[in-house]
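What Swiss-Prot annotates here:
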type	residues	note
BINDING	Gly30, Gly31, Tyr32, Asp48, Phe75, Asp96, Gln103	S-adenosyl-L-methionine binding site
Amino acid sequence: MHTPVLLNEMLDILNPQDGKVYVDATFGAGGYTRAILKSANCQVYAIDQDECTNVFYEKLVNDFPGKVHFCVSKFSKIKQILHGAQLKKVDGIVFDIGVSSMQLEDASRGFSFSKDGPLDMRMSTSISNVDASVFVNTAFEEEIANVIYQYGGEKYSRKIAKAIAESRKKKPIKTTGELASIVRSVISRSKNHSIDPATRTFQAIRIWVNKELEELEQGIIDSADLLNPGGKIIVVSFHSLEDRIVKVMFKSLCSGSSVISPIGFQLINKKVIRPSFEEILNNPRSRSAKLRAILKI
């Protein structure tokens, strides 16, 4: 079974208690939810926009009957979901942001530049209509360049966008392998650098397709209103754009003058929490993870 990143650190901060209600806003394979349910006699409401995660929910239902509840949805709808379940307040909300290992490893989902598959990148095929193929084949060259630069921090964004525009004139770009080849034709891999040249471009397009940063902002805004006093919001993020949003929004909530919530918060960890050396050795994907948490006063 896959162990989610910073699991022990998340549990130490959340400190699940009997009789409390928690939300796993990014259910995935259910690692956080399972750990919370094993820690206390509590309830967990799990949310994930990926329909494929339902199979993991079914396993948890058998292990924890009546304790776990699941909804296929974007977590930006967290307020509507909980109110629909007759819940006004909860005691903790956890987020593990970004693409999951199982999504990356499934070539048919179109997230990976190392496995050829349809150029999709949607975390939900039923909720989202525009996939990565539509974007790269129909967006203006300037828009593609801006997305790759803004969301990927790619300094060769204009060269990549130009190469994409030239390639699609000949035939539509339909697979991850085709897109990765186009990017690699523009950027040569450095001998001293292990990161694939296509990494930043794929990250940027994925973020745009799924509106990930907008989702994160809305998720935090609504979560702040849903917590009981003593409740906690915990966010694990994997790149600087996400972490910057979390840091700024948490600072605003804790400043005492936030327009998001009139009730005060305080930082649980003033310094960002990172994975241990041992965890990085066991799971290299965790190397960029950062955990931030706040407490509702």
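Heads up, residue numbers simply count up from 1 along the chain you see.
The backbone N, Cα and C atoms fix where each Cβ goes, and this holds for glycine too.
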For Gly30 (S-adenosyl-L-methionine binding site): intrachain residues, at least 6 apart, with Cβ closer than 8 Å:
Asp24, Ala46, Thr53, Phe56, Tyr57, Lys59, Leu60
Could you find out if DSSP has Gln103 (S-adenosyl-L-methionine binding site) as helix, strand or coil?
helix
By the DSSP assignment reduced to helix, strand and coil, which category contains Asp48 (S-adenosyl-L-methionine binding site)?
strand
At a 10 Å cut-off from the C-beta of Gln103 (S-adenosyl-L-methionine binding site), count the other C-beta atoms across all protein chains.
20
Of these binding-site residues, Gly31, Tyr32, Asp48, Phe75, Asp96, which scores lowest on Cβ atoms within 10 Å?
Gly31
